[in-house]
Amino acid sequence: MRRKRVLLTTVTLAVTGALTAGVLVTMAPAASAGTTLRAAAAEKGRYFGAAVATGKLSNSTYTTILNREFNSVVAENEMKWDATEPQQGVFNYSGGDRLVSHARANGMSVRGHALLWHQQEPGWAQNMSGSALRSAMINHVTQVATHFKGQIYAWDVVNEAFADGGSGGRRDSNLQRTGNDWIEAAFRAARAADPGAKLCYNDYNTDGVNAKSTGIYNMVRDFKSRGVPIDCVGFQSHLGTTLASDYQANLQRFADLGVDVQITELDVMTGGNQANIFGAVTRACMNVSRCTGITVWGVRDCDSWRGSDNALLFDCNGNKKPAYDSVLNALNAGTGIPNPTTTPPNPTTTPPNPTTPPPGGAGCSATVSANSWTGGFVATVKVTAGSGGTRGWSVSVTLPGGTSVTGTWSATASGSSGTVRFANVDYNGQLAAGQVTEFGFQGNGTAPTQTPTCTAS
Ligand code: G3I
């Protein structure tokens, strides 16, 4: 992202919105007030995080603030493609591992940033295209997500893939030129590699309802309808001197699609309105029950990529700024998340009424489709319940010789080559008559083409 982007937010913070938020602040019962950002956020079932440059972890002013105030971290650069795979097939996890280890020692969760981004591609990938790049990028996703498996709360699987301006379409890049399905292929590979991580799409200039955010909204809606494994959307929120009046409404419309939302790279231009904007963004998150946390993009003003904008919550000496108090007050006044940890990966496949399972035994059918590249593929299997519905199902897929399954999502696999049997997981076995669910797998070799057999129970 270029520096000038932060000036692009033009809609003035609506006075009515600010007043409404102010009323909420006054009326909200303050059960107990957290005295740090991390404590105040945790009381509401959320995290409050910071982007970290691991080279600064040896600076005691920096780490004192980091450990006291934040319960989530994200690597500012160390988990990006150029850092983690500087040569093709040669991986370097030293910076990322250092951050994960710091987080574990200090009770912090970790956001992963970012598996695929058109910027900070290593030189070797910048020079690739077509199926060779598709293969390399899916391998990158698989390797990195596998390395950090179990350590990451949420991955930015794809970062900044939509164009600025009024088109609402994709940004041109060598990644995009491998085919429009590159984003879903990346999400499927990430799910296969680390089924426990929430998988996010992350972007900027999405701070209200606009052409870009609507393009992303339409993609997320499409992914949810087709069972592409997406769990969250990140709103970077690199902000200028105003905030869109529909900032919260925009978060809410994404949440209403059945994904979590997170503020992922918050920083705000210095000036008279800075504290107000930090507070308004925090209130917006607190007012959206699926907004699970906020990350600021750095600790002190001098740590920020925005240089003289003084865009963060602490000054260069480590003192709290008025923006800090504004955020802390908004966290303490906010509403807690009703059920922070129970979201299944794909809630859309939950049957309409789980307490009354339909009668089993009347069969099901399955079809398979695949995105392939040289040496590998990601397959999606669509399961359709017969007239009697299902209590559970299993699907047998016959693989071509020399092909093996390397990862599965939304099903459990028995075997990895020849005929592989996939069975439902707990949240997608019960299907009403005619209801459809999807699962998927990734493999080495050649994608299957035979129609699978489906057995209902
Ligand atoms: O580490 C090298 C150093 O060895 C070298 O001497 C120096 C010379 O330029 O460069 C250093 O690397 C820089 C790196 O930051 C670490 O400081 C890169 O040049 C510089 O491009 C890189 O900038 C990062 C930028 O992403 C890259 O586009 C910023 O730190 C980082 O804050 C910024 O973060 C992005 C998010 O990932 C995505 N959203 C936007 C956000 C802000 O641009």
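Cβ coordinates come from backbone N, Cα and C, glycine included.
Bear in mind that TrEMBL entries carry predicted annotations, made automatically and left uncurated.
Annotated active site, nucleophile per TrEMBL: Glu265, in sequence order. Annotation source TrEMBL lists compositional bias 'Pro residues' at 341-360. The domain 'GH10' feature in TrEMBL is assigned to 31-330. The domain 'CBM2' feature in TrEMBL is assigned to 357-457. As annotated by TrEMBL, region 'Disordered' applies to 332-363. The annotation signal peptide is assigned in TrEMBL to 1-33.
Just so you know, the Cβ of Glu265 (active site, nucleophile) picks up 26 other Cβ atoms within 10 Å once every protein chain is counted. In the three-state DSSP reading, the residue listed as 'active site, nucleophile' counts as strand. Per-residue pLDDT, averaged over the domain 'GH10' (31-330), rounds to 97.
Remark: secondary structure over the domain 'CBM2' (357-457) totals 0 helix, 55 strand, 46 coil, with classes taken from DSSP.
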